Amino acid sequence: MKEKFAALIIMDGLGIAPASDSNSVTLADTTYLDNLLKEYPNSTLVTSGEAVGLPEGQMGNSEVGHLNLGAGRIVWQSLSRINVAIKDGSFFKNQAFLDAVAHAKKHNSKLHIMGLVSDGGVHAQMGHYLALYDFAKQQNILDRTYLHVFTDGRDTPQESGYGFVKTLVDYGFNVATVSGRFYAMDRDNNWDRVQLAFDAMTLGDGPHFNSALDGIESSYKSGIQDEFIKPFIVNDKGLIENDDAVIFANFRPDRAIRIATALSNPSAAKTIYTEGKPMLNVSKAPKNIFLVSMMHYKETVKGPLAFELQTFDDLYGEVIEKNGFKQIRAAETEKYPHVTFFFDGGKEVPLANSTRILAESPKVPTYDLKPEMSAYELTDKVIAALKTGEYQTMILNFANPDMVGHTGNIEATKKAVEVTVECVGKVTDFIINELGGVAIILADHGNAEQMRDQEGKPHTAHTTNLVPVVVTKKGIKLNSGALCDVAPTLLDLLGIEKPKAMTGTSLIEKI
């Protein structure tokens, strides 16, 4: 088969679950999607666990999802790689970690460990902190090792941070500062938020509490949950200062870039991702910081990597380029790295034949305040590009079900799902009716279909539920599969031979 045009449209965070009063997908008016499922071949995909290179039972996420989608093979994830290193003991002999300790000992300075403290497994993992504590103990530097906590509440229950931090404190960690991820891990150019976290860790600016647990408990009593805990200081002796060493425990890059750049390469923090917006003030940033990133974050982050970046050949975008086809990558800010950097296997340089379309995400504290986000603007930009008739394929992401789903607001997420389905409809109809092309419509993981946990409390994390996949081509049958099977399916539709490196299989059943 050889289609004129084949698109992948990702409804981020829209999974499958039984109808209920906490399922924003089934509560929403999804008539267009329902009709697609009735009219065209469809099936389900696994987006979690070993099918996407994670430990069994571990929920998927957008980074993992887009890596697998673009690679056309199972990509073993950072979480699994680090877990294996801890298990086989190589973690404790890691040269980057050893160099960080050597730097601190040479300068008679401190060793800092920082990152998201939770068992969500999306950006970081509790077990990795315990291993880093054991490492510091082995290296006889515990007396000057400090922990800078970023609380979660997004990939975990909203007030679970207290328990996670208590576990680390009981283990022996000396906590210096605490910041909600809303501040420390912003990725949408909200520099004022990042500034508060950075200044707390480096200058001691912010509220002070006698203990990390006291500060977290105080936030809860004020109605502030983990994600939004305002940066506070526990121990001024543990601030990040000149000549210190830092190990950043986050293994996912997108929300680690800002703080890591500011610490390791302050001059770059003045220009990175500014786009004319207020920048981070690094005039008082500590000097000669030796920063170890758990994984590669971005070129602006200086210092060794604990685990080198995996490299992949013959990714979907590269195969498209080799065949002389032109492609679109489109998303709003929140998911833009996913359709570019992650979909291309961690490669930052745009492919020569690709056009990138970005709609800026709205500047609101939380996306339940604007559940439509920038979906309409993104849709208009995409259709305008498609009207040129220049392209043979497209990767398009609608962020709404996931980003609004993370707020725990059922009604807002219902609206987010409806807007997404509406916009998917506009783009899909144009592809079918104007281009004579085909669209694969799916999700990269679940979220919006489960908005309450078993106790009736807000559920803001991803799920391990199956997700839908539909191909707008009649006369074929779809098998069930995993995200690694999507790139081979796109190539199948375009009449391009799948490279050997792609071990995924086309979802289209061969007759």
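Positions of Cβ are set from backbone N, Cα and C atoms, glycine also.
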Legend entry - Mn(2+) 2 site partner of Asp12, Asp444, His445 (as recorded in Swiss-Prot), chosen from Ser62, Ser78, Ser480, Ser506: Ser62
Inset, instruction - According to DSSP, folded down to helix, strand and coil, what is Pro253 (substrate binding site)? - result: coil
Legend entry - 10 Å Cα neighbourhood of Asp402 (Mn(2+) 1 binding site): matching recorded positions from Asp12, Ser62, His123, His445: Asp12, Ser62, His445
Legend entry - Cα-Cα distance linking His406 (Mn(2+) 1 binding site) and Pro253 (substrate binding site), given in Å to the nearest integer: 19
Legend entry - Asp12 (Mn(2+) 2 binding site): nearby recorded positions from Ser62, Asp155, Arg187, Arg255, His406, Cα cut-off 10 Å: Ser62
Legend entry - Asp155 (substrate binding site) to His462 (Mn(2+) 1 binding site) - Cα separation in whole Å: 7
Legend entry - Rounded Cα separation (Å) that holds between His406 (Mn(2+) 1 binding site) and Arg187 (substrate binding site): 15
